[in-house]
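Novice: Can you keep this structure in mind? I'll have questions shortly.
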Amino acid sequence: MESKGSWTVADAVDYNGLPADKSKTGGWITAALILGIEVVERLSTMGIAVNLVTYLMETMHLPSSNSANIVTDFMGTSFLLCLLGGFLADSFLGRFKTIAIFSTIQALGTGALAVATKLPQLRPPTCHHGEACTPATAFQMTFLYIALYLIALGTGGLKSSISGFGSDQFDDKDPKEKAQMAFFFNRFFFIISMGTLMAVTVLVYIQDEVGRSWAYGICTVSMAIAIAVFLSGTKSYRYKKSQGSPVVQIFQIIAASIRKRKTELPQSIVYLYEDTPEGLRIEHTDQFRMLDKAAVVTEGDFEQTLDGIAIPNPWKLSSVTKVEEVKMMVRLLPIWATTIIFWTTYAQMITFSVEQASTMRRNVGNFQIPAGSLTVFFVAAILITLAFYDRVIMPFWKKWKGKPGFSSLQRMAIGLVLSTVGMAAAAIVEQKRLLVAKSSTQKILPISVFQLVPQFFLVGSGEAFIYTGQLDFFITQSPKGMKTMSTGLFLTTLSLGFFVSSFLVSIVKKVTATSVNGGWLADNINHGRLDLFYWLLAILSGINFVVYVICALWFKPTKGKDSEEMEKGKGFSVEDC
């Protein structure tokens with residue numbers, strides 16, 4: 001007969017705070033209750049993002065570049081707030097409460113957006129083609145901003161906790177449950193993609209043909225239902241205790257190393273402080289030796305407890321393993337920095353590319369495709385690429401190289417190359433569109449919108465590679481206790497990519513604008529040179545790729561006894577190039 005302990009999860013408790021019983025808590029069915037919120041979050045955020053630029057231009061009467069920047073700032077803030085959500089979940093609230101609170105905030109945001117798009121007082125008067133349009137007032141824009149950034153706050157809190165809380169429902173020490181966890185996560189990205197697909201097709205169509213307030217109202221009601229479903233599993237979930245934010249550990253080691261900056265390092269590492277159990281230690285490395293000074297024992301590093309036991313003050317002394325954990329995070333930074341540019345090119349797919357589509361012929365028979373729905377090719381590219389990689393590339397690569405597919409660094413490299421080619425393709429198509437615009441006075445130009453498909457498909461395929469590569473890299477190459485923070489670090493590449501896009505748009509508009517015309521990014525894209533902006537992004541992406549390869553060649557994964565989860569063969573070698 002199995003012992004009672006085999007029926008409980010060692011590091012999880014149930015709703016009452018007792019050891020979680022496997023027969024009554026957790027499992028993939030319970031984890032599935034969490035997915036509803038993530039699907040609705042994707043439906044809301046992407047449904048807003050891909051079609052917001054047309055609303056800002058056509059209804060709020062804002063200039064093209066300003067509209068693009070509002071969208072990219074909204075998306076950038078959404079991902080940046082993942083750090084806040086992760087910190088609150090790790091340090092104070094726990095993942096369950098974080099999801100419940102921030103999903104409610106997002107529902108309030110979509111509700112406010114439904115009101116903002118419904119009431120005539122919250123938008124400027126309608127104007128027709130050729131008329132001088134009155135732009136939105138400060139009050140109208142303020143209300144819109146409040147709604148958008150409530151949604152951004154909700155998104156940030158949710159993204160940092162949903163996947164983690166889903167993984168909490170499985171015991172990775174139980175082979176059966178570990179297989180169920182794989183089942184759950186294999187479908188996690190697919191389900192998210194389906195939510196995005198619904199957003200860029202059904203929701204965008206409702207926005208354009210029925211009414212935006214109806215679309216955002218549907219999002220609000222859907223989130224309320226998803227929250228109710230999520231809360232229905234409260235007594236069935238497994239809860240893991242918060243172990244505190246790793247940010248504190250990083251600051252402690254930096255503070256200790258700065259305090260001891262004049263201290264000599266010992267000739268042998270055996271004199272450095274180490275109190276981590278042998279089976280969990282990380283081997284010492286010679287990189288970033290300045291941080292090693294945090295592990296040098298000096299006078300005053302220990303404090304006496306009430307029991308008379310001497311313990312180290314973490315702000316003055318850290319173990320070698322903790323120092324190496326911080327080094328591991330530092331080693332991620334060059335790769336982190338060189339993948340930001342991909343998300344800058346991605347930002348163009350939901351801003352300027354949608355603007356391009358709004359000026360082109362979009363009819364299929366008697367049906368007119370909404371401009372925002374062109375991003376369906378983007379989502380289709382992701383799904384097709386993932387299926388092709390899983391069914392064709394991985395078996396071929398395993399047979400040829402003996403490895404189960406490309407390494408994470410290789411996948412990121414492929415994503416960067418595809419995005420560079422995508423921007424070049426976008427520039428070529430824009431040159432054709434501008435030639436047609438010069439000889440036509442029609443609002444909808446006589447040029448097929450399907451000429452934009454290559455840029456959507458190339459960047460979409462690039463996302464399939466770089467997203468999975470980044471997620472794999474930042475999880476497997478980070479310390480076990482810092483994986484939530486590492487995931488947050490990954491998500492900041494998306495955030496900064498959107499902010500870099502806003503910065504570039506502002507700089508290019510300021511540098512190229514003259515008193516005669518609006519420059520590359522004129523208020524009316526038919527009068528600008530968007531193609532030159534795309535070429536600029538293609539060149540910057542090409543330069544960034546070279547820097548990325550150098551950083552990838554420099555990167556060496558840390559090997560230690562606590563890093564059993566790291567996959568073998570993940571390093572980037574000259575052969576990988």
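Using the three backbone atoms N, Cα and C, a Cβ is placed for every residue, glycine included.
What TrEMBL shows for this protein is this:
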type	residues	note
TRANSMEM	70-89	transmembrane segment
TRANSMEM	96-117	transmembrane segment
TRANSMEM	137-158	transmembrane segment
TRANSMEM	188-207	transmembrane segment
TRANSMEM	213-233	transmembrane segment
TRANSMEM	332-349	transmembrane segment
TRANSMEM	369-389	transmembrane segment
TRANSMEM	409-429	transmembrane segment
TRANSMEM	449-468	transmembrane segment
TRANSMEM	489-512	transmembrane segment
TRANSMEM	532-555	transmembrane segment
Novice: Which residues, given as numbers and ranges, are at least 6 beyond the ends of the transmembrane segment (409-429) yet have a Cβ under 8 Å from it?
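Specialist: For the transmembrane segment (409-429), the nonlocal Cβ contacts are 335, 338-339, 341-342, 345-346, 348, 353, 356, 451-452, 454-455, 457-459, 461-470, 472-473, 531-532, 534-535, 537-538, 541-542, 544-545, 548-549, 552, 555, 570-572, 576-577.
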Novice: Can you tell me which of 70-89, 188-207, 213-233, 449-468, 532-555 gets the most C-beta pairs within less than 8 Å of the transmembrane segment (332-349)?
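Specialist: Comparing 70-89, 188-207, 213-233, 449-468, 532-555: 532-555 has the most Cβ pairs near the transmembrane segment (332-349).
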Novice: Compare 137-158, 188-207, 369-389, 449-468, 532-555 by their Cβ pairs under 8 Å to the transmembrane segment (489-512) and return the stretch that comes out on top.
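Specialist: Most contacts with the transmembrane segment (489-512): 532-555.
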Novice: Count the Cβ pairs between the transmembrane segment (213-233) and the transmembrane segment (449-468) that lie under 8 angstroms and are 6 or more residues apart in sequence, then report whether there are at least 3.
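Specialist: No, the transmembrane segment (213-233) and the transmembrane segment (449-468) are not in contact.
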Novice: Taking 3+ C-beta pairs under 8 angstroms (sequence gap of 6 or more) as contact, is the transmembrane segment (70-89) in contact with the transmembrane segment (137-158)?
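Specialist: Answer yes, regions in contact.
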Novice: Cβ under 8 Å, sequence separation of at least 6 from the ends of the transmembrane segment (96-117): give me the contacting residues as numbers and ranges.
Specialist: 34, 37, 41, 44, 48, 55, 59, 85, 88-89, 123, 143-144, 146-158, 160-162, 165, 211-214, 216-217, 219-220, 223-224, 226-227, 230-231, 234, 237, 239
